[in-house]
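Trainee: First, the structure itself, so that you have it in front of you.
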Amino acid sequence: MKIHLDKSLPGGNIAVPSSKSYTIRGLIAAAQANGQSHIISPLIADDTLATRQVLSELGIDISTDAGSESWEITGNTFKAPSGNLFCRESAATLRFMSAVCARLPFECHLLAGHSLMRRPMLPLIQALHQLGIEIETRGNTTVINGQVITRSKVSLPGNISSQYVSALMLMAPACTHGLEIHLATPPASLPYLKMTKQTLGSFGIKVHSSIDWQEISIPPQPYLPARYRVEGDWSSASSFLALGAIAAPVFISNLDTDSFQADRIMIKFLAEMGAEIESGQNWVKVNPKPLSGINADLTHSIDLLPALAVAAACAKGQSILSGVRQARIKESNRIRAVSQGLSAMGINIIEEDDRLIIEGGQPKGAEIDSFGDHRIAMAFGILGSVVGETHISDAECVTKTYPDFWKNLESLGGKVTQDV
């Protein structure tokens, strides 16, 4: 699907969807608890539905509560699957479920979608090998011969993806002796490990971590059933926060300003650039002001790259976005996708190994390739609405995390049409 955006000045009120990261973590924790758990206000999108489907095919009963926005999970009823477990394009599903399947006493075949195949799994595979697990990749399939895990020490790099570490944390309580996880390098995206710890705590799991988070210890212990409420998604909000800074005031509800989510820092970056930020209990409002360039380290909030780059393109002066190397191994090579998109819109941009240098200016409409990446589509959807005459390819990719994105943009006054 291709989206065409005419020039407009979108602004107004929206509520962002629930957090993908918390929904997936909550689902996997609930699936390992004895008894019934409730996930309240889950995100319903491709990535979370992938996790739900994989768990269902492993014998976990998950139903939607009638008349309420919640899922009911009857946990710890795992059984051998009858076929492949399709993870769609969800890296969190593939990585987290690889670890969970490793401790189940049967063979599992986890099938990756097309773009997911290019995202690295080796550090997690090597970590599971250390624990005695037989796991290998065959084309787009990860084959795991699960077993009772009696080894308790594992080491892996922390600077490639926090998801490898979160995967081990989610499986650790069910290991015979728990797990002691050593990170050989400081962790990237540290807030995501804190989110995992918070979720585990909601299901009764005690986690011990060193100050620098390079040592994590989780004793063997049972998951307890819980009522687990999912907060709003700061990552999904980031493009609309940028919109408020470059176009017209945007009021966003369903955002916890005290959240552990890494991408909450977006409002700090926008404030440093000159935008006016207001916030209260469960809401944020961004008012446009003349923006200046920024030096921003995205090491722990890499998903902000597209949205912050769009704001930087409209700012006066130079912006340097650093700590972005790992953006190359997301749903697309986001450094290349952002660079190509902004260049097409007339913005001078220098692409380096771990930095993007953006000279702010006056972007103009262009043909934008989203590369099937939801965050690229959303960020350029915002910018395209402001400058007009913009076409975005593969725009349906937003269903990965934000199915109503284009509808929400229209509700704010964006002129969005689907090209036939």
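A Cβ is built for glycine as well, from the same backbone N, Cα and C atoms used for every other residue.
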Trainee: Per Swiss-Prot, which of SER41, SER189, SER279 sits in the 3-phosphoshikimate site along with LYS20, SER21, ARG25, SER161, SER162, GLN163, ASP303, GLN326, LYS330?
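Mentor: Swiss-Prot lists LYS20, SER21, ARG25, SER161, SER162, GLN163, ASP303, GLN326, LYS330 binding 3-phosphoshikimate, and from SER41, SER189, SER279 it also lists SER189.
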Trainee: Take the Cβ of GLN163 (phosphoenolpyruvate binding site) and count every other Cβ within 10 Å, whichever protein chain it belongs to.
Mentor: 23
Trainee: By CA-CA distance, flag whichever of GLN163, ARG334, LYS400 among the binding-site residues is nearest to LYS20 (3-phosphoshikimate binding site).
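Mentor: The smallest Cα gap between LYS20 (3-phosphoshikimate binding site) and any of the binding-site residues is with LYS400.
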Trainee: Spatially, and counting Cα to Cα, which of the recorded positions is closest to ARG119 (phosphoenolpyruvate binding site)? Options: ARG25, SER189, ASP303, GLN326.
Mentor: GLN326
Trainee: If you run the three-state DSSP split on SER189 (3-phosphoshikimate binding site), which class comes out?
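Mentor: Once the DSSP labels are grouped into three classes, SER189 (3-phosphoshikimate binding site) ends up as coil.
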Trainee: Need one number for the phosphoenolpyruvate-binding residues LYS20, ARG119, GLN163, ARG334, ARG375, LYS400: the maximum pairwise CA distance in Å, whole number please.
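Mentor: For the residues that bind phosphoenolpyruvate, the greatest Cα distance is 19 Å.
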Trainee: At the Cα level, what's the spacing in Å between ASP303 (active site, proton acceptor) and ARG25 (3-phosphoshikimate binding site), rounded?
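Mentor: Spelling it out, the Cα of ASP303 (active site, proton acceptor) and the Cα of ARG25 (3-phosphoshikimate binding site) are 18 Å apart.
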